């Protein structure tokens with residue numbers, strides 16, 4: 001059969017498209033392959049069928065239902081292009097003979113448009129609440145045929161193809177259909193199954209691009225491989241109904257919130273005979289080890305450093321490229337969901353670190369995705385982050401706004417995650433963040449605020465409140481931006497909590513001073529109470545404080561070995577008795593000497609030493625006290641929950657305060673930050689009678705010197721510190737006491 005478009009001067013447009021169209025198809029530059037390929041009516045009840053299958057030896061057409069041969073498609077002058085005419089239009093299969101074997105499948109170009117108009121409208125509007133079930137690779141059934149529907153946003157592309165092992169990564173085989181005006185390309189590939197690796201081959205305005213991973217991928221290959229994978233639907237049999245029903249109450253602002261921050265790949269690992277890391281644990285293996293440990297220590301939540309797929313392990317997850325896919329380093333999405341389910345069944349909440357501020361420049365990722373600045377700002381003064389050599393999301397573009405919003409909801413709704421800690425919020429709020437004059441672009445009002453990011457954060461918090469009731473959204477925000485945790489209808493950003501970076505910097509600076517000089521830094525510990533109720537705060541001792549030459553938490557402490565441990569115990573006790581929710585990074589709970597290294601597990605061998613076991617025991621007891629006694633948690637965010645007794649004894653480096661519950665129950669906290677025991681130190685109290693020691697951080701239980709008050713003290717009718725009564729206490733060296741009245 002000849003495939004000339006002209007025969008004796010007459011055109012045959014029905015059998016063959018124009019030479020120009022065929023040329024574009026062969027060169028993989030045709031914008032509408034469905035206009036050429038697949039079945040096309042002949043106007044008389046029959047159909048023409050065209051298939052472009054480079055490398056195929058022959059193609060037969062079978063009746064889809066009966067499997068009988070209807071005829072063959074003929075090859076002609078254009079290699080790979082097969083066409084045929086059939087007098088009756090009916091559903092069909094293609095039997096394709098390749099050099100390596102035979103393939104029988106439905107024709108991808110025999111299916112109509114797949115995505116609904118409402119899905120496309122909501123996506124373009126930036127308000128699709130379940131985008132991870134719409135775009136990307138979706139296992140689905142079309143006209144009774146199982147397969148995978150691919151959909152990707154690339155509005156400036158001239159052509160997009162799906163490539164993978166299933167088509168030997170040949171972009172000519174599966175070019176996609178463009179859905180105007182959304183800029184979304186789609187294609188259904190029948191009989192494709194879960195687990196297939198794939199990417200997109202994109203012809204941009206300036207030519208072919210490096211193969212791109214799917215921005216909406218639900219699963220990925222194990223790094224350093226970079227392809228996306230077709231993921232099966234999440235089919236976990238959730239057993240956390242009790243947790244989810246009670247979550248809103250558990251995560252109320254007046255409830256205890258004590259967070260154990262960890263990096264999943266370096267908390268514990270399988271090690272070889274030399275003690276070197278042999279492999280990272282899977283989610284199932286982590287659950288077996290981590291959940292009992294966290295539960296025993298009394299933490300209410302864990303916070304995972306980013307587990308979204310990221311190409312570079314040394315970024316700790318803070319440069320993710322797959323905002324919808326858990327990292328393949330630890331298992332499948334199903335495995336991750338099972339891990340969260342297990343945490344919930346044990347009464348432990350799960351918070352994820354989440355990065356909507358920036359993304360890495362890897363060529364297989366989002367950068368110049370369709371040959372243009374699609375996800376990022378086009379102007380480097382807006383779109384390039386100098387500190388991290390990353391690109392900044394253009395959240396002013398509705399599709400990007402909606403992409404990140406959908407990512408947040410994906411984790412909260414599909415995986416039952418209890419909260420998101422939003423990374424690097426300060427870098428989002430300011431256009432001149434870490435930039436010199438002339439290196440940034442003002443907003444439309446001439447100011448430095450990033451109005452698009454502000455709108456996004458407010459919208460995020462409003463939507464999460466509606467779509468994931470009871471979930472927390474927490475801001476890592478290091479500036480004095482007002483109203484971070486204020487409601488959006490009151491002009492705030494709407495976060496549940498803000499990390500108190502000021503408290504962290506001041507308190508760590510103080511505790512690193514030699515006690516001889518602490519009198520000159522006395523206000524550094526008390527200053528945090530000046531603004532403690534301006535936001536709802538979390539007190540963070542995070543991973544950032546134990547890396548990059550900052551020393552581990554215990555190694556920051558001054559003095560000899562005994563003093564270092566005493567300082568650490570006193571600091572942690574001060575933190576747990578201070579207003580604000582708690583966050584502690586892994587390893588700090590037992591005094592690891594080394595800085596954290598993401599390539600090694602924690603130094604668990606240290607727990608053979610009593611001082612390290614003592615710190616661990618103290619953290620467990622602090623958590624139990626914090627959860628048991630309402631004065632330590634139920635008025636964290638209001639000044640009525642705190643009362644200074646002694647804040648000005650700089651000479652002795654002593655502080656004392658009361659914590660009050662909503663019901664009027666007090667606890668007394670007294671801290672001595674010198675190595676000198678203070679005998680007979682008088683402290684005013686509001687209640688007469690016996691006061692029991694709930695905690696002494698110098699107790700022998702924690703490998704301390706056991707100096708103190710024998711577990712109790714009795715009030716005297718002598719006024720002090722604005723109170724009608726007082727206690728005379730022995731203050732242990734470098735220690736904190738917490739006492740409670742018996743009556």
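Any Cβ shown, glycine's included, is placed from N, Cα and C.
What Swiss-Prot records for 423 is active site, nucleophile, and it gives sequence analysis as the kind of evidence. Around residue 423 (active site, nucleophile), a 10 Å sphere centred on its CB holds 20 further CB atoms from the protein chains shown.
Under the heading active site, proton donor, Swiss-Prot lists 476. The Cβ of residue 476 (active site, proton donor) has 20 neighbouring Cβ atoms from other residues within 10 Å, across all protein chains displayed. Mapped onto three states, the DSSP output places residue 476 (active site, proton donor) in coil.
Counting in whole angstrom, residue 423 (active site, nucleophile) lies 5 from residue 476 (active site, proton donor) by their C-alpha atoms.
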